Amino acid sequence: MKEWIVATKNKGKVAEFEAILGKRGFSVKSLLDYPAIEDIEETGSTFNENATIKAEAIAERFQRPVLADDSGLIIDALDGRPGIFSARYAGEEKDDQKNIEKVLRELQDIPWKARTARFHCSIALARPQAETIVFEGTCEGYITTEPKGTGGFGYDPIFYVPSHDKTMAELTQEEKNKLSHRYHALKQLDKWLD
C-alpha cells in the first residue's frame, strides 16, 4: 500500500482524500499525524500558488510525494470573493459560522438568479526532484438565503447544488464525494496516476 501525505489539518478535507484515494489502495496521512509541523503560510495570490507552496514545503521536509489542496468559494455577485480567503473571510480565527453569516449579509439584497457560485479546488502534487503538477476541479451552484443541513464543513450549508436539489450539507458523504470540487480535482489526479 502506498502512503500519501496530504498537507492539511482540516479533518473534512482529509476525509474526502481518504474516501477517494483509499479506493485506489492508498493510505492517507495528514498533518494531523504530524502535529509538530507548523502551518505553512499561504502567500500566493491564487489557489494554484497556495497549493503548490504547501505541497513543496512539506515534500522538501519529508523527501517524498505530498498532496496539498487549496480550495474556496467563488461568488460571482461578490466579484469572486471570498476566493483564496474563504477560510478566514470573517477573520483570522477561521470560524465557519461567522464566514457564512458574512456571506449571507453581503448577499441579502441579491436575487436568486444572481447568487451563482462555485467551489474551486487546486491540488498540487509535489515530488522530490520533479516538477510540481496541479489538478483543478470545480462544483457549480448557488448561495442560499439561509443555512440548510448539518453535514460537511465550511460553506456547505449555504451552497445549493441544483442537480441534487440540496445544499452540500444535506448530501451524504458518498453523494458529495461524487460531485465536489475536490472530487473533480482528484479525478484529474487519478487519471494522471494511470
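Every residue, even glycine, has its Cβ placed from backbone N, Cα and C.
The substrate binding site annotation in Swiss-Prot covers Thr8, Lys9, Asn10, Lys11, Gly12, Lys13, Ser71, Phe153, Gly154, Tyr155, Asp156, Lys176, His181, Arg182, and the record cites sequence analysis as its basis. Long-range Cβ proximity for Asp156 (substrate binding site), meaning a same-chain Cβ under 8 A and a gap of 6 or more residues, is found for Gly149, Thr167, Met168, Ala169, Lys176.
What Swiss-Prot lists as Mg(2+) binding site is Glu41, Asp70. Around the Cβ of Glu41 (Mg(2+) binding site), the same chain contributes Ile53, each under 8 angstroms and 6 or more positions distant in sequence.
The active site, proton acceptor annotation in Swiss-Prot covers Asp70. Asp70 (Mg(2+) binding site) carries a strand DSSP state (E or B).
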Cβ neighbours within the same chain of Ser71 (substrate binding site) - under 8 Å, at least six residues apart: Lys13, Phe47, Ser86, Phe119, His120, Cys121, Ser122, His181, Arg182
Among Gly12, Gly154, the one of these binding-site residues whose Cβ has the fewest neighbouring Cβ atoms within 10 Å: Gly12
